[in-house]
Amino acid sequence: MTEMVPAWVEGRLMPVEKLEAHQRGLRHMAISVFVMAGEAVLIQRRAAGKYHTPGLWANTCCTHPRWGEEAADCAVRRLREELGITGLVTVFADRVEYRADVGNGLIEHEVVDIFVAEAPSDLPVNPDPEEVWETRWVDLTDLAREVKEHPERFTPWLRIYLAEHMERIFGKLRVVQ
């Protein structure tokens with residue numbers, strides 16, 4: 001099945017096949033979700049079979065909305081599909097645009113709606129092995145430090161979010177000094 005995502009072509013938002021959007025480096029819509037339990041954030045290591053950035057750590061989940069799908073609905077859908085997480089309320093936190101080389105001749109040029117969801121620390125997580133290699137909870141401050149010390153272990157977008165948009169995503173109380 002071909003997955004069509006919203007992308008800008010010659011200034012118009014239109015459906016484009018997902019891989020083509022990355023091959024051409026087209027500006028396209030995306031979502032990212034951070035599930036938090038207090039100061040801890042749930043992160044995932046991307047499955048080895050992913051077509052870009054396999055084996056790298058990322059935020060809780062991220063994807064592209066389908067053509068015609070609302071970003072908030074997409075966030076809830078991908079929490080369920082990637083991690084088996086249901087019942088959380090996702091709250092819009094920020095919109096970020098970035099462009100990054102993700103290897104293999106692919107470019108992520110995304111306009112990302114970022115959502116945050118609060119969860120209990122005993123949240124059941126059931127990752128889809130086609131999407132997720134492993135998950136872990138990590139204190140947000142420790143994660144920011146890890147990303148600075150070992151950027152090669154993390155996806156470009158997570159590095160960008162934590163380096164450039166921390167306060168806008170997580171609020172003043174969670175900003176690492």
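Quick reminder: no glycine exception, Cβ is built from N, Cα and C everywhere.
Pulled from Swiss-Prot:
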BINDING   H22, H28, H64, E108, E110  Mn(2+) binding site
DOMAIN    26-160  domain 'Nudix hydrolase'
ACT_SITE  C62  active site
BINDING   E82  Mg(2+) binding site
ACT_SITE  E110  active site
Tertiary neighbours of H64 (Mn(2+) binding site) (same chain, Cβ under 8 Å, six or more apart): E3, V5, P6, K18, A21, H28, M29, A30, I31, C74
Assigned conformation of E82 (Mg(2+) binding site) - DSSP reduced to three states: helix
Other residues, Cβ within 8 Å of H22, H28, H64, E108, E110 Cβ centroid (Mn(2+) site): V5, A7, K18, A21, L26, M29, A30, H109
Cβ atoms near H22 (Mn(2+) binding site) (within 10 Å, other residues, all chains): 24
Counts of helix, strand and coil residues, the domain 'Nudix hydrolase' (26-160), according to DSSP: 31 helix, 58 strand, 46 coil
By Cα-Cα distance, the member of recorded positions C62, E108, E110 nearest E82 (Mg(2+) binding site): C62
